[in-house]
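See structure below.
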Amino acid sequence: MAALSCLLDSVRRDIKKVDRELRQLRCIDEFSTRCLCDLYMHPYCCCDLHPYPYCLCYSKRSRSCGLCDLYPCCLCDYKLYCLRPSLRSLERKAIRAIEDEKRELAKLRRTTNRILASSCCSSNILGSVNVCGFEPDQVKVRVKDGKVCVSAERENRYDCLGSKKYSYMNICKEFSLPPCVDEKDVTYSYGLGSCVKIESPCYPCTSPCSPCSPCSPCNPCSPCNPCSPYDPCNPCYPCGSRFSCRKMIL
C-alpha cells in the first residue's frame, strides 16, 4: 500500500507539472499570433534593436539595415507589414508542443484511473471521477432522479506582457445509480490523486433483485389422442375405408 501511495504521489506531481507547462504554452500561443515588433521584444525579431525609431523592415530592404543581414530569423522581411498576423515557426512549434502535452496529460490520467480502479477492492464504490486541476471547494456533487452529477469549474488568470487574460475550465460527469441504491445513502469523498469517489453503504447489486427462474418446459394441456375411427354423430370415413358410414333408418 505504501508503494501504491508513492506511485500515486509521483503521478500527481507529473500531472501538475504537465498542467503548468500546458498553461505556459497556451499563454505563449495566445500572444504569438501577432508580430510584436513595435510593442515588445519578439524572440525571433530584433526590430526593437533597429537603429531607426520605427521598424522599416516591411519596406524595401536597404543596405543600412544591418540587423536583418545578421539575424536570418527576422521574419519581417517575409511579410508585408510587421503587425500582420501570421503563422510563424514559433506558433507551429507551440501548437505541436500543446498537442504533445495534451496527449501526455491524457496518458497520465488514464494511468492514474487504472491504478485507482485496481486499488478499489471494496464493491460499495459506485464510481470515481478524476478532477485533477480543481480544488475540493470547486467540486460539486449532485444526486437527483437516480443520477449522480459531478461538476467542477475553475477560473484561470494569466499575466503576460502587462495584460491580464481570463479563461474558464470546467468538467461535468454523470452516471446512473443502480436500482437497489437509495439516493439518500449515497456519499462522496475527495481522495488521493484528485479523485472523487461515489460510495454507498450497501453493496450495489450486480444482478436483478428477484431473478426469474428458468421456465419449466411446457407440457401440452390436453395431449392429443389418436383419432377415433368414426364419429357416431357425424358421418366419417373410417381409417382405411373408401366408403362413408351411413346411419341405417329402420
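From the backbone N, Cα and C atoms, a Cβ is placed for every residue, glycine too.
Positions annotated as phosphoserine by Swiss-Prot, on the basis of similarity to another entry: Ser5 (among others).
Shown in sequence order, the list is empty: the chain has no residue 6+ apart in sequence with a C-beta less than 8 angstroms from the C-beta of Ser10 (phosphoserine). Among the features that Swiss-Prot reports, phosphoserine is placed at Ser10 (among others), with the record citing similarity to another entry.
According to Swiss-Prot, the feature phosphoserine maps to Ser64 (among others), an assignment based on similarity to another entry.
Look at Swiss-Prot and you will find Ser86 (among others) tagged as phosphoserine, backed by similarity to another entry.
For Ser122 (among others), the entry in Swiss-Prot reads phosphoserine.
Per Swiss-Prot, the feature phosphoserine maps to Ser123 (among others); the stated evidence is similarity to another entry.
The phosphoserine annotation in Swiss-Prot covers Ser151 (among others), and the record cites similarity to another entry as its basis. For Ser151 (phosphoserine), applying a Cβ distance below 8 Å and a minimum sequence separation of six or more within one chain yields Val139, Lys140, Arg142, Asn170, Ile171, Cys172, Lys173.
Applying an 8 A CB threshold to same-chain residues 6+ apart, the list for Ser167 (phosphoserine) reads Glu155, Asn156, Tyr158. Summarising the annotation, Swiss-Prot assigns phosphoserine to Ser167 (among others).
Secondary structure at Ser189 (phosphoserine), taken from DSSP and collapsed to helix, strand or coil, is strand. In sequence order, Val196, Lys197, Glu199 are the residues of the chain that are 6 or more apart from Ser189 (phosphoserine) and have a CB within less than 8 Å of its CB. Positions annotated as phosphoserine by Swiss-Prot: Ser189 (among others).
Swiss-Prot lists Ser194 (among others) with the feature phosphoserine, giving similarity to another entry as the kind of evidence. The Cβ of Ser194 (phosphoserine) lies under 8 Å from the Cβ of Arg12, Ile15, Asn130, Val131, Cys132, Gly133, Phe134, each of which sits 6+ residues away along the same chain.
According to Swiss-Prot, the region '2 X 5 AA repeats of [RC]-C-L-C-D' annotation covers 34-77.
Residues annotated as repeat '1' in Swiss-Prot: 34-38.
The feature repeat '2' is assigned by Swiss-Prot to 73-77.
Per-residue confidence over the repeat '2' (73-77) averages out at a pLDDT of 45.
In the three-state DSSP scheme, Ser194 (phosphoserine) falls into the coil class.
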